[in-house]
Amino acid sequence: MNNTAANLILAYFIVILTLSVLCSQGPWGRCMGSDCGPGGSQSRAVWCAHVDGWTTLHTNCDQSQRPSNQQNCFRVCDWHKDLYDWKLGAWNQCVSVSTRTFGGMRPYVCNGGEEGIQTREVGCVLKSDESLGDDTICEYFEPKPRLEQACLIPCPQDCVVSEFTPWTSCSKTCGTGLKNRVRSVLVPPLFGGSACPNLTEFHTCKPGPCKGPEGVYSLRVGSWMPCSLPISRPVRQAKHRKGKGGARERPGVKDPDTRELIQKKRTRNRLNRQESPFWDIQVGYQSRTVSCAHRNGSTVGLSLCLPWDLPLTVQSCILAKDCKLSEWADWGPCSKACLDPDPESPRGQRSRTRRVHQFSVGEGEDCPPLEETEPCDPQGDGVLPCATYTWRTTEWSDCRVDSLLSQQDRRRSNQTGLCGGGLQNREVYCVPVAGAVIVASRPVDSKQCGGPVPNTSQLCHILCPIECEVSPWGAWGPCTYENCDVQEGKKGFKLRKREISNEPTGGPGNCPHLVEAVPCDEPSCWDWRLVRLDECIPDGELPCGPGTQIPQVQCVNSTGDMVDKELCGGASAPEPIACDVPCPKDCVLSDWTSWSSCSQTCSSKTIEGKQLRTRSILAYNAGEGGGMCPNSSSLQEVRNCNEHACTVYHWQTGPWGPCTEDPSASALNTTTGPRSAAGPNSSGQGPCSRGMQTRKVICVRVNVGQVPPKKCPESPRPGTVRPCRMPCKRDCIITPFSDWSQCSPTCDAAGNIQKTKQSRNRVILQLPANGGQDCPEVLEEEKDCEAPKVCPGYRWKSHKWRRCQLVPWNIREDSPGAQETCGPGLQTRAVSCRQLDGVQADIGECLKFANTMPPITQRCQLPCQDDCQLTNWSKFSSCTADCVGVRTRKRLLVGRSKKKDKCKNTQMYPLSETQYCPCDKYNAQPVGNWSDCILAGGDRVESLLGMKVQGNIKECGQGYRYQAMVCYDQDNRLVETSRCNSHGYIEEACIIPCPSDCKLSEWSNWSRCSKSCGSGVKVRSKWLREKPYNGGRPCPKLDHINQVYEVVPCISDCSQYVWVAEPWSVWKVSNLDLKENCGEGVQTRKVRCMLNTIDGPSESVEDYLCDPEDMPLGTRGSRLPCPEDCVLSDWSSWNRCSLVRITGLRPVIFIHVWRQCPDTTEKEPCSLNLNCFHYFYNITDWSTCQLSANAVCGNGIKTRMLDCVRSDGKSVDLNLERKWQMNISCVVECPVNCQLSDWSAWSECSHTCGLDGRMWRSRGVVQGSQGDGRPCPSQLEQWKPCPVRPCYRWQYSPWSECRVEEVVCGAGLRYRNLTCFVSDGSGEGEASMVEEELCGGLELAVNRDKLIILKETCVLPCPGECYLMEWSDWSPCLSVCAKGAGVDFGSVQVRSRAVMAQEPENVQLCPDQDWESRPCTDGECFEYKWMSSTWLGSSRVTWCQRSDGLNVTGGCPHINPPGDDNNSCDPPCQLPMSFCTEAGVCMCEEGYTEVMSSSGQLDHCTPIPILEIPTAGDKKTDVKTSRAINPTLPATIQPGRTGRTWYLQPFGPDGKLKMWVYGVAAGALVLLMFIVSMIYLAW
């Protein structure tokens, strides 16, 4: 059993494996071959593969089904591309996806459109004969175009109709009639949708029984037949006219004046005749039939209707003739006479015309346009290229800094010395050029130039002057001769000097004096300088006692340089100095200290300079025999110093004068540049000749003033003359005048001559400088335009009407009541073209420029004897008072009419008319909103060149705003504002607030450097005083307390403040031994912090300014040597630390023989930051960008400091290193205010009439704001109202009732009038009718339709006749769409004709209703949904409603409409989401499933799970409809979901499980049993 199962399983897997492998092949390789075309070969790989993708052995595949791996091919070469190409067929009809997939139609709920696919044929063809080729040929060059594409099949659109109108009144006043109600078509049936329902409903009515017999018969007239000519005798008429003409000839008249009058009359008569070549008017006749109609619609004998008077059956008419034109004339010249190299430039226009040979007459076809134009280019070899235009600019103006100053800047009041960043301007104009050569620099209209306009302003920079910086004064030198080569007299000078530390702008001549001199006595150019003193050597070779010290000296000059000793031969050398080597028991004194710095720089009667040196007692004398210690006054010495008087002299220089021509310079040195060198773009500052400058030099005594020059030494005297270069003269350069501007039309619409002006201007290219020629004052000229004597214009002149022509008597003599000499007829007249001055003109001119041609025919009536004849109406009588009186006009009966009774009926023939007098009372009132506030006068202040000077822009202040005025007459009709004595506006003063910039305080003083030694920072600040408003300059970035800071590095000289210690006091021995005067003791001294200068410490300052750690000791304790002790000097300073540092030696003063001296050296270990230090550089951060004090922005300097810092944090000075600072250049962005262009001219009014007209003007941003500049205002446009003008228009009156004269029914006419109406143009309210003269200047057109139709044929239905009503109005434009799916199939509008019935028995004879549609644009997309009322008992009302709220019939989906009643379900379905089916079962609506109760009744409806099945909407494809509209979304769109949603409903309408549920359960059971059995067999 187990083996059998195993074999079965093995066989099963073998079969599965056999079925799971197949031969796979790769793509064909490249076609190989030696020749192009057929005969090549290509190969491909073939292998055996499993369905899962892995490769297996070839033996596992069926070899009989193995594909070929080689085939013949067409080898394609590059030249085949010119022979073959893809041929694309047309797209086939869009086929539903469901049809292609399932092989047939299936139930489908269409929502917007059904997804479909359309195909086409694509093949590779030979271009020459379109024969098919192999697709691989074309695929070699480009991929094969796609064969399929997605499309969308529109859903069927049912006909949608409106609601019914109310019922009409009964068609009869007695008996049985009909009531009708109609509706119109809103959307026509499309794409196979349901047809339109009946548009008419009938309802019988019985107002009551008729008292007498009902009318049965009616006279019915037919339509007029076409116009035809009567049978006439033209030969006899011609002879008759000729005979009449001969009789009028009077050859005997010879008077010239009489002949001229006769000739004029003949000419006038000729014009009145109709033999004009432009009109061929022939008067004919037309007839119509009259019949008798029964009310059932049948025609009966005319005798049954004879009691009525028969209407006319014949009338005069004009024979219709079409317009006849000549052939087109040759094309006129091209308006463009040059060749433009730019292909996108506008082309020229040329035109051709044709003439009218004959105008249309009667109902003939009107004349088409007589002129046509087409674009053109000039032809021929001699055509010159068109002039091109380019922008040119003037030179830049001087750089100005004041325009960048803020409102609060104090420098606005004094702008001298401003420097740094600024603005400069220039003017831009347009000139013609040919190639790269300028034809003329004459400016032309700026509209000629294209492309970007060059900038009219730019940032510039004025170099800030560098102030001279000098070092401190050096020490006074020795008294020396002014000239050591000539040593005369006993007077000399002591000099002190300082150096330039920063070179100023303009050279060192702008620095203060660098040398000061003091007169002195006994000068010497060389002197001995003490270098050192040798050790004290006792006299007599004794070991101690008095001795001498030999000085070591050098010979130096006045500057301190060592020179030859022979030069100091005249000076006395220093003598040896007496000294004392103490013996045992003597008082021991220290060496003298160095002389202190001099207390004064000079001496006078009140002050003297002093120097001090001191020494101290090291050991007192030891009893008798020892030398005594001196008193305390002998321990210090004072000497005088700087004994020269305090009279300091120096040379003082004045400013350099102007550069003047140097008469001593040779003429050969003069260089004069050519005039052309100073073009508009050159600076013109080149040197032209040499000159010289002088200045004043005087000797000045400090604090006194000018003194004679002899008081100052001559050697440092500055020069008074220097050479210079003189700049060239620069003349004014100006362009020639532009051409005169074109004159505007000098004639208004009424033909009146108006005076206009034309102007021309020129532009300054270069301003004069350095004495050059000045510019002319006149830059613009103006003159009057030449006005024509007579304004050109044309008008139609209509001549007199000719006599009334009747239908020939032989045609109408059989008509009842006809008379030969009276009745209706036609009359004609001639029309000619005239100029406004009355001169005759060509008729084509009037066709172009005049109004509509007046009619040349009209109907007329020749009165018969029985007719009433009246005179014409008289003029209206004059009014005695406006608005309250009346005026009348009259007419009279003529002839026999006075005696006829019917003519005396004033109701039919009124003899007078009365109307109210016109009222000239008018009412003015404001209308609309106030305009923007508009500044009065010019909006900008401009410089001489017309350049826009930023900073002088007037953009605020007092202006005016305007409100339009409207004028109404007494009938509340709009009239011209001049009737109300108004100029059309109300003006009101207004204020445009001026922008206020951010206001900050002035800079505070710089703080003290944060470090007294080394590098630190110093700070200054500004605080906010006022925020900006109204578009003022913004504030810089402020901190939380509204302050802005500026931080710069600083460095403090570590030797600026030094500790100065006075000499030690006398020892105070604590254990005083009066005999010995030795032992432990204390010494004190004063220590002060003093300001260190070049001459030494000068004055005491606060102690905190000196480093407290470097403060010398003020007290020290030690042992005062006793007799016989070893006496040592003070310790020397510690030497620099290596590993161990050692003190300097302590020299031994004397030694007792029995006492040994202590060690004279001292050592201590090196310890970091105690006596051993590391050193490193400290670099500060960069400072903020520092500008000159006179600069606002531009180039500045950033600084940082570098100093040496000890490892314990102290800044130190190194002898080999000095402190230095590093600078880099920087730029502070300039606060450029927004620059705007001038306001443009006011535009044309947006409306030619009405209340809403506005004029606009605008301005553009020439340059946006930069930095902290004032931002651009938001208002770049301004408007003001136009003067209110009445809107006149021609308007049709409503059509009259269909009129059939003297009969009941049949073919008739309906009329309407063309009336002049006035309105305010707002579209609100009704227009008012006014006199036709007010519309006289308008084109005769209604809603832009020039075809004026005032009458048309109509049919008046006979009583009892069923007929079609007139066409309804066109429906609004509707989009055929699916709103949710985003699908649009175009827009359409429709109109319809409903049926109207009058007799119940004639309803079956009614014509079919009719509708017609037309495409339109911009239709609105609507949705339709079912609406229902609330339940009233067991019923409710349902209807279909459009999304705009209109109730309609049609358009709503057919699936699951809400029921009108629930009576078929018992109990009624009143649960949410439930409805009653036709089977009488309560079911849930779509998307919900039924949950039944135990009794089998519906308990509630619950949402069912949603299964999403991907559809074509998931693919990223281009979905198109069969009408090739834009790609659309899938048919069903739900938020967050894609694809079509199917609802699985396990229960049927009867509440039982559906069959597919049982099938799924059975399939699952079988699958489970199979799995269990296979597991069992495997065991």
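Any Cβ shown, glycine's included, is placed from N, Cα and C.
According to TrEMBL, the protein has these features:
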- 1-23: signal peptide (SIGNAL)
- 159-210: domain 'Spondin-like TSP1' (DOMAIN)
- 237-257: region 'Disordered' (REGION)
- 246-257: compositional bias 'Basic and acidic residues' (COMPBIAS)
- 323-378: domain 'Spondin-like TSP1' (DOMAIN)
- 340-375: region 'Disordered' (REGION)
- 363-375: compositional bias 'Acidic residues' (COMPBIAS)
- 587-646: domain 'Spondin-like TSP1' (DOMAIN)
- 662-690: region 'Disordered' (REGION)
- 666-686: compositional bias 'Polar residues' (COMPBIAS)
- 732-791: domain 'Spondin-like TSP1' (DOMAIN)
- 998-1039: domain 'Spondin-like TSP1' (DOMAIN)
- 1234-1287: domain 'Spondin-like TSP1' (DOMAIN)
- 1467-1506: domain 'Thrombospondin type-1' (DOMAIN)
- 1555-1578: transmembrane segment (TRANSMEM)
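Of the candidate ranges 323-378, 998-1039, 1467-1506, 998-1039 contributes the most Cβ pairs within a distance under 8 Å of the domain 'Spondin-like TSP1' (1234-1287). Nonlocal intrachain contacts for the domain 'Spondin-like TSP1' (998-1039), taken as residues 6+ away from its ends with a CB within less than 8 angstroms of a stretch CB, comprise 406-408, 410, 956, 1045-1054, 1056-1057, 1105-1107, 1178, 1180, 1201-1203, 1205, 1210-1211, 1219, 1231, 1233, 1268-1271, 1273. Helix, strand and coil content of the domain 'Spondin-like TSP1' (159-210), in residues and according to DSSP, is 0 helix, 23 strand, 29 coil. Shown for the domain 'Spondin-like TSP1' (323-378): DSSP residue counts in helix, strand and coil, namely 0 helix, 19 strand, 37 coil.
Secondary structure of the domain 'Spondin-like TSP1' (587-646) per DSSP, as helix, strand and coil residue counts: 4 helix, 19 strand, 37 coil. Here the domain 'Spondin-like TSP1' (1234-1287) has a mean pLDDT of 87 out of 100. Taking DSSP states H, G and I as helix and E and B as strand, the domain 'Spondin-like TSP1' (1234-1287) has 0 helix, 19 strand, 35 coil.
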